[in-house]
Amino acid sequence: MIRPLSALFGLFSRDLGIDLGTANTLVYVRGKGIVISEPSVVAVDKKTRRALAVGVEAKAMVGKTPETIVAVRPLKDGVIADFDTVEMMLHYFIRKVHVQRFMAPHPRVVIGIPSGVTEVEKRAAKDAALSAGAREAYTIEEPMAAAIGAGLPINEAVGSMIVDIGGGTTEVAIISLGGIVVNYSIRVAGDEIDDAIIQFARRDHNLVIGERTAENAKIAAGSAYPLEEERRVTLRGRDLLTGLPKAVEVSSVEIRDAISGPVNTIIDLIKTCVEETPPELIADIMERGIVLAGGGALLMGLDKRLQAELRMPVYRADDPLTCVARGTGRVAEALHLYQRALAGGQELRRPSR
Ligand SMILES: Nc1ncnc2c1ncn2[C@@H]1O[C@H](COP(=O)(O)OP(=O)(O)OP(=O)(O)O)[C@@H](O)[C@H]1O
């Protein structure tokens, strides 16, 4: 049974950083590092509205659930589409952190949220943390958190460019003196790339495949630039015409072509951001390069492709999937160092009783 979050958050000691992602939720505990990294998925019983499974277990149910059980991704396109389910999800992750015995009173919580979200959505994220017993809740824009997590010198008077490609959103930002100077966000990212593979299988091979199959194919053979050794991958699904199970082997060249639509949209966004950047900052970026973060940064050849098209250095951040969470964690540890960065987000305090 799901218990109120307030019964749980109060048990924590250390301050928390949370990357509430469309695809994955990561929790960073001060002094301990990343302690939770699981898919943002909840399996809910439609009749009772109870959460049956969360995270890894729920993701395994996607596309395989009976009609009465729905696997919900409550953060569609980087925004909180379903507040109750987000609460259930946070409840589960927090209980997991608790089991790992990070005990103490009301923590401060810093939540990474996409920069395009509305004030109402920011409030929804903070309310979830506060109702869970957090002492103070802050939101920070994901590209800023990603830049901090990637170790960029965000507080210095130099321009840093970060591209955060997640599941639902791609964010591009130029940061200088602790603030975001230029920022673009679109709801085209990893999920759209998976969708493009689903469409390709249907259109070119009369094959109906699920989201997980598409994502696995993207990870195994998806690319944005010719590979030194092209690969082959088997797509398994159902024949569109006969309804029978079917497997088709496809090449990485076909997949590259299939995903070129969303990949080009992401590249165009990065180009637009470069074009809009004030000249003195672009000089810094040409020297220091563009840093790619988020799971989408792992798409093979994306760095090479960008380097070739933009003619400037492009680097993939270390461990790009955890950049935002590590950034929120660093901010939670030293709020005073990140006042300007947090100003882009917002603080909410618990009403005193
Ligand atoms: N090796 C890989 N190659 C390509 N894409 C990958 C790879 N590994 C993970 N991804 C993709 O990265 C995305 C998840 O990235 P991440 O966890 O940074 O997103 P998120 O924070 O949950 O989403 P958002 O920032 O939109 O809320 C998924 O679309 C996933 O398929």
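Keep in mind that glycine also has a Cβ here, set from the backbone N, Cα and C atoms.
Quick look at what TrEMBL annotates:
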- THR22, ALA23, ASN24, GLY167, GLY168, THR169, GLY295, GLY296, ALA297, LEU298: ATP binding site (BINDING)
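GLY168 (ATP binding site) counts 23 other C-beta atoms within 10 Å of its own C-beta, drawing on all protein chains shown. Binding residues for ATP (THR22, ALA23, ASN24, GLY167, GLY168, THR169, GLY295, GLY296, ALA297, LEU298) extend across at most 17 Å, taking the greatest CA-CA distance. For ALA297 (ATP binding site), the Cβ neighbour count at a 10 Å cut-off comes to 23, with all displayed protein chains included.
Neighbour list (GLY295 (ATP binding site), Cβ cut-off 8 Å, at least 6 residues apart, same chain): ALA23, ASN24, ILE165, GLY166, GLY167, GLY190, PRO320, LEU321.
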